[in-house]
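Reviewing the structure listed below.
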Amino acid sequence: MEMSLRLASSSTSNPICLLNPGKNLNFPIRNHRIPKTSKPFCVRSSMSLSKPPRQTLSSNWDVSSFSIDSVAQSPSRLPSFEELDTTNMLLRQRIVFLGSQVDDMTADLVISQLLLLDAEDSERDITLFINSPGGSITAGMGIYDAMKQCKADVSTVCLGLAASMGAFLLASGSKGKRYCMPNSKVMIHQPLGTAGGKATEMSIRIREMMYHKIKLNKIFSRITGKPESEIESDTDRDNFLNPWEAKEYGLIDAVIDDGKPGLIAPIGDGTPPPKTKVWDLWKVEGTKKDNTNLPSERSMTQNGYAAIE
């Protein structure tokens, strides 16, 4: 590409015209082109910037490799944000943690992690830690199906509380690999839900709820070896079990560190709490101390409250 530049001779302010008076200057100006080289321009540094090979989930990855000494010796090898993420670090140890209510988002995350670990290595166990108050039945059944789909054994461990659908997932682990910590709690009950709207819509919701109840009772019966009638009776109300009761019931196989001194929180001797003054006023019903403003023991029993012995 060329450009033609003409400078008038009458322009005295132009220094080129002053040097060449009475002449018209007409010369081309060409764009400067950088010659191509055979090798790209590069900068070499005395310090090597080569990155170590990327770790995979199936590799033998150890958190202790990120020690202070190793970072001081190799400042170019600092752990990335993804590597320091607790979920990512647990996945490298084949650990999945369910630490919230069971909903659709939590179920999607747990299912994807289970399928990923099973695809990485189907010969090694997957450990599912549970500390959940329960939640959606459909979301929990999705996790249950993913656990059964995995070729690898899924070991379940209860930390804190495994209630409702959390207890169901705890009991659904591989036989012989279901555990509870000694201070944890397990709670089982029948499905909960609400129904509203038109009578037809309510009947549909109630029928669906009864379907889930029968299905869960059948699975619990197969897991624990108890008849469905007993499961239905035991789950009629909230049924809280300590780790040893859950083991005897068939929900788990063992209590971790059972009998280790100092690990188990002290349990009361079973002595009932002292009775209040209200109880004394109830007992003297019909005497001079009778307070007509207090409900009688008979009315409490009729309203659904069991009498206290």
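Cβ atoms here come from the backbone N, Cα and C positions, even for glycine.
Keep in mind that this is a model prediction, so the values were computed, not measured.
Residues or ranges marked as active site, nucleophile by Swiss-Prot on the basis of similarity to another entry: SER164. Under the heading active site, Swiss-Prot lists HIS189, citing similarity to another entry as support. As annotated by Swiss-Prot, compositional bias 'Polar residues' applies to 292-309. Swiss-Prot lists VAL71 with the feature N-acetylvaline, giving a large-scale study or a structure entry as the kind of evidence. As annotated by Swiss-Prot, phosphothreonine applies to THR194. What Swiss-Prot records for 290-309 is region 'Disordered'. The transit peptide annotation in Swiss-Prot covers 1-70.
Taking the features listed in Swiss-Prot, we show where each one sits on the structure.
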residue: SER164; record: active site, nucleophile; Cβ within 10 Å: 26
residue: HIS189; record: active site; Cβ within 10 Å: 16
residue: THR194; record: phosphothreonine; Cβ within 10 Å: 7
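Taking CA atoms as the reference points, SER164 (active site, nucleophile) and THR194 (phosphothreonine) are 16 Å apart. Under the three-state DSSP scheme, HIS189 (active site) falls in the coil class. Under the DSSP three-state reduction, THR194 (phosphothreonine) is assigned to coil, being neither helix nor strand.
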